[in-house]
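The domain 'Glutamine amidotransferase type-1' annotation in Swiss-Prot covers 9-207. Sequence annotations record features per position, and here Swiss-Prot assigns active site, nucleophile to CYS86 based on sequence analysis. Taken from Swiss-Prot, the feature active site covers HIS181, GLU183, and the record attributes it to sequence analysis. What Swiss-Prot lists as domain 'GMPS ATP-PPase' is 208-400. If you look up Swiss-Prot, you'll see SER235, GLY236, GLY237, VAL238, ASP239, SER240, SER241 marked as ATP binding site.
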Amino acid sequence: MSQDIHAHKILILDFGSQYTQLIARRVREIGVYCEVRAFDMEDQDVIDFDPKGIILAGGPESVPEPGSPRAPEAVFTLGVPVFGICYGMQTMAEQLGGKVQGSEIREFGYAQIRKHEGPALFDDIQDHIANNGVALLDVWMSHGDKVITMPEDFTLMASTDSCPIAAMANEAKKFYGVQFHPEVTHTLQGGRILSRFIVDICGCDTLWTPANIAQDAIERMQEQVGDKKVLLALSGGVDSSVVAALLHKAIGDQLTCVFVDNGLLRLHEGDQVMKMFADNMGVKVIRVDAEDLFLGKLANEADPEKKRKIIGNTFIDVFDTEATKLTDVEFLAQGTIYPDVIESAASKTGKAHVIKSHHNVGGLPEDMQFKLVEPLRELFKDEVRKLGLELGLPYDMVYRHPFPGPGLGVRILGEVKKEYADILRRADAIFIEELRNAGWYEKTSQAFAVFLPVKSVGVVGDGRRYEYVVALRAVETIDFMTARWAHLPYELLEKVSGRIINEIEHISRVTYDVSSKPPATIEWE
């Protein structure tokens, strides 16, 4: 076995903050493994986790309120460095004998804190030097309560006019607390502060790299699977593509992929998947042409939720049929990633951050008699992409925009027909091609075309015609929870519109969606 890339790890306790996963991603980017757990983790579990350091994340609760969340006592007795962020700093202060109270002035957004000399966490880290010689840090605040009395043996690290104790430290025990959020980009020195804590103070080695992750995953898959066979539903999306590349490298011909072409994919996507995996990489891929089956089941159905269920259930039926044809398959591979694992790890008190989980591989039936292989379950999406590059997958495949599970089925409003899908495929391909040519594909988070089954008047030569409408959608977002419409140049939109109308029959009008999320969703259905 190669070196243990989990040997040096950080424990992050979640108190319900929207930023908790962002903290974890920042720690991973530094090159150190970490896990997110609910704040009510048992003391023995904290001890058994054996962290090199602990981060107490933020949260929406109020420390002075009865019954508000507290960190396990083992956090402060284990003898490892502890870093409290926002709520994490407040509960640290309260639990160690300090005092927290509600503030008359709530701080949300940009703030500038005055640094006090001494503690190692901020040593030689600042954004500006004031005229009076005081070092200043530009940070992002989001809090109502504040620490008014520090615990014994703590010293002041930073302050603002409205928050006299903006950061505190117990250097002997290596306990640190900050009232701001170092994990967000608005805190300009946040990365350096986190790195100072994790690498310098906790003493973690930076073992968590794409090359090490790939080698570790390959060895773990070989150990788990042995000489048995593995089945994977290959969709062409990022997660399943990386799983396919990883397992092929680990177990070779023991892997069989089933690629279901449902007739709702992007232009030439089926051929591209086969060329990449079957032809170039030598992966064993069974391609199932199920377009007629899917479109037949979708006939006369206009309700978006019913369309989703039909597409999902039909996929399960097709995959199940193919699976039963294969003999001696013991394992089913899935592209579960770390956010899926976090989302289902609900705290027993219900106060930790819980988002609805989603099922991989279309929600395969529970009665399938396979053992699960989930090689990506420790990784965030950005780590999956980096792993894909490490495994030799092309950049354009690994960093392509998200595509919904039901495919074009939810980008054709109302009933799905082959004619509509063929028109939409071509319009979408033109849009994406021109975005790439203009250098805008990487600037947008998601871009696609939508088919509207309504007819609008157009003029061709001396004649009028009634043809269909296509809408273009492009958004910019960090987390897909909120998004703003992309302000594409008019010249680019004009070129895309002209090509779609001139090159594709039965389109008379192209529109651009200028709705942000909320209130609109990113997809139209």
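Even glycines carry a Cβ here, placed using N, Cα and C.
The most densely surrounded of the binding-site residues GLY236, GLY237 is GLY236 (count of other Cβ atoms within 10 A of its Cβ). What surrounds the ATP site, by Cβ distance within 8 Å of the Cβ centroid and not counting SER235, GLY236, GLY237, VAL238, ASP239, SER240, SER241, is the set LEU234, VAL242, VAL243, ALA244, GLY335 from the same chain. Annotation: no recorded positions among GLU183, VAL238, ASP239 have CA atoms within 10 angstroms of the CA of CYS86 (active site, nucleophile). Cβ neighbour count for CYS86 (active site, nucleophile) (all protein chains, 10 Å cutoff from its Cβ): 25. SER240 (ATP binding site) sits 29 Å from GLU183 (active site), taking the CA atoms of both as reference points. Least crowded of the recorded positions (GLU183, ASP239), judged by neighbouring Cβ atoms within 10 Å of its own Cβ: ASP239.
SER240 (ATP binding site) carries a helical DSSP state (H, G or I). In this structure the alpha carbons, written CA, of SER235 (ATP binding site) and HIS181 (active site) are 38 Å apart. In this structure the alpha carbons, written CA, of ASP239 (ATP binding site) and GLU183 (active site) are 25 Å apart. Of all Cβ atoms in the shown protein chains, 23 besides its own fall within 10 Å of the Cβ of HIS181 (active site). Between the CA atoms of GLY237 (ATP binding site) and HIS181 (active site) there is a gap of 33 Å, rounded to the nearest whole number.
Its Cβ placed at the centre, SER235 (ATP binding site) has 26 other Cβ atoms within 10 Å. Within 10 Å of its Cβ, the residue among the binding-site residues SER240, SER241 with the fewest other Cβ atoms is SER240.
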